[in-house]
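Feature annotations, courtesy of Swiss-Prot:
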ACT_SITE  Cys33  active site, nucleophile
ACT_SITE  Cys36  active site, nucleophile
DISULFID  Cys33-Cys36  disulfide bond
DOMAIN    2-115  domain 'Thioredoxin'
SITE      Asp27  site 'Deprotonates C-terminal active site Cys'
SITE      Gly34  site 'Contributes to redox potential value'
SITE      Pro35  site 'Contributes to redox potential value'
Amino acid sequence: MSDGVKHINSAQEFANLLNTTQYVVADFYADWCGPCKAIAPMYAQFAKTFSIPNFLAFAKINVDSVQQVAQHYRVSAMPTFLFFKNGKQVAVNGSVMIQGADVNSLRAAAEKMGRLAKEKAAAAGSS
């Protein structure tokens, strides 16, 4: 996508992203969720700013159309942001998830993931 966000349409598509990208930020949202709509432009901006192919991706997962993934990660409130490293859920800045449209926490997490991914990409000889 031109905004840098990868829209996930199936559990297999999400599994593939986790297997091919070192760091992933996942936004679990619903079309009917007001706070999800409110934070979406900021999430897209973070994706545009920090995404690095194969090193950091920003995914959006609709909890109504990809229920299997939402249930697997026990997402019960929207939006919920989860963080992954090498396919496994990890904590960023002390939290394994951010629930709600908390722009400051999301910005801090995106910046940290961006720094980590940039370091890995540089070490791998990618820019």
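The first residue you see is number 1, and the count goes up from there.
The backbone N, Cα and C atoms fix where each Cβ goes, glycine too.
DSSP classifies Gly34 (site 'Contributes to redox potential value') as helix under the three-state reduction. Cβ-based neighbour count (10 Å, all protein chains) for Asp27 (site 'Deprotonates C-terminal active site Cys') stands at 26. Most other Cβ atoms within 10 A: among the active-site residues Cys33, Cys36, that distinction falls to Cys36.
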